[in-house]
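So the structure is just underneath, and the comments pick up after that.
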Amino acid sequence: MAAGLARLLLLLGLSAGGPAPAGAAKMKVVEEPNAFGVNNPFLPQASRLQAKRDPSPVSGPVHLFRLSGKCFSLVESTYKYEFCPFHNVTQHEQTFRWNAYSGILGIWHEWEIANNTFTGMWMRDGDACRSRSRQSKVELACGKSNRLAHVSEPSTCVYALTFETPLVCHPHALLVYPTLPEALQRQWDQVEQDLADELITPQGHEKLLRTLFEDAGYLKTPEENEPTQLEGGPDSLGFETLENCRKAHKELSKEIKRLKGLLTQHGIPYTRPTETSNLEHLGHETPRAKSPEQLRGDPGLRGSL
């Protein structure tokens, strides 16, 4: 009896204590503003950043390969930039808006080479920006630690990044020749000898070296440099190159021919825009006799007004 009474008193004491005070609960500190749309696990996978293609293979100086698989970030103004060597460059808007912008500023594409030196990393085929794709050039500079030091946008949709690393502090760290396999080094030696013997012109020398760098995988061929087609068809490519203009002209010519055939098939006359009189251009139409039915620019008919 006494034991049962003791248990009853114990239960009553616990219920009287009530729940723990709200102040005792732990609070999680959010270090960065909203990243909705990027790291939200409840969103479908399609809402996350999606690249148009895979990055190019890792290439260049072997001592830089250790940077592959790592990412370095920098917050400037209201944007967070992230550079992942040999992978991509991304931008994330730091805001509390539900639709904060996040996008890809470029995917690892090729090196830039000048005077036997790797002068920069090109990240191309980023997210759409008007009629073109965003792209970034990353300059490697000597520094005490690996860090993304600076980001700017010198022209619309083109970004310039400076990445500091102790891996490029040696004066020969970015030379191209030592990174080449023996066979390509011998080819380069022959090209230099031919130039010295005046067997090739400076222009020919430059062209041969470019081909050599393409064989090494440091530069892309002209065909590989064709812009990746944006979602929405060929019209969304824009006219970034002469080849694109030629392709677009050819497609438009075929479409015009097809439409003319349809008009002829349905017995609908058509005239060229250049045949319109000056008075019509000025808004004064030449008087015409009314007809019961007036043809429009499509196969349909419109009744008299």
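Glycine residues also receive a Cβ, built from the backbone N, Cα and C atoms like all the rest.
Note that this is a predicted model, so its numbers are computed, not measured.
Marked as compositional bias 'Basic and acidic residues' by Swiss-Prot: 281-296.
DSSP assigns Cys84 (disulfide bond) to a strand. Around Cys84 (disulfide bond), the same-chain residues six or more apart in sequence whose CB sits under 8 Å from its CB are Gly69, Lys70, Cys71, Phe72, Thr90, listed in sequence order. Per Swiss-Prot, disulfide bond is recorded for Cys71-Cys84 (among others), and the stated evidence type is sequence analysis.
Per Swiss-Prot, the feature disulfide bond maps to Cys129-Cys157 (among others); the stated evidence is sequence analysis. Its Cβ taken as reference, Cys129 (disulfide bond) is surrounded by 14 other Cβ atoms within 10 Å in the chains shown. Following the DSSP three-state reduction, the secondary structure of Cys129 (disulfide bond) is strand.
The disulfide bond annotation in Swiss-Prot covers Cys142-Cys169 (among others). In the three-state DSSP scheme, Cys142 (disulfide bond) falls into the strand class. Long-range C-beta contacts of Cys142 (disulfide bond), restricted to its own chain and to partners at least six residues apart, with a cutoff below 8 Å, comprise Glu164, Thr165, Pro166, Val168, Cys169.
Per Swiss-Prot, the feature domain 'MRH' maps to 69-171. Break the domain 'MRH' (69-171) down by DSSP state and the numbers are 3 helix, 67 strand, 33 coil.
Annotation source Swiss-Prot lists domain 'DMAP1-binding' at 176-279.
Here Swiss-Prot flags Asn88 (among others) as N-linked glycosylation site, drawing on similarity to another entry. Residues near Asn88 (N-linked glycosylation site) in space but far in sequence (CB under 8 A, at least 6 apart, same chain), listed by position: Ala51, Pro55, Ile104, Leu105, Gly106, Ile107, Trp108, Met123, Gly126.
What Swiss-Prot lists as N-linked glycosylation site is Asn115 (among others). A simple way to gauge crowding: the CB of Asn115 (N-linked glycosylation site) has 7 other CB atoms within 10 angstroms, across all the protein chains here.
The feature region 'Disordered' is assigned by Swiss-Prot to 267-305.
For 1-24, the entry in Swiss-Prot reads signal peptide, with the evidence type sequence analysis.
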10 Å Cβ neighbour count around Cys71 (disulfide bond)?
14
Give the distance between the Cα atoms of Cys157 (disulfide bond) and Asn115 (N-linked glycosylation site), rounded to the nearest whole Å.
27
Measuring Cα to Cα, how many angstrom lie between Asn115 (N-linked glycosylation site) and Cys129 (disulfide bond)?
32
Going by a 10 angstroms cut-off between Cβ atoms, which of the disulfide-bonded residues Cys157, Cys169 has the sparsest surroundings?
Cys169
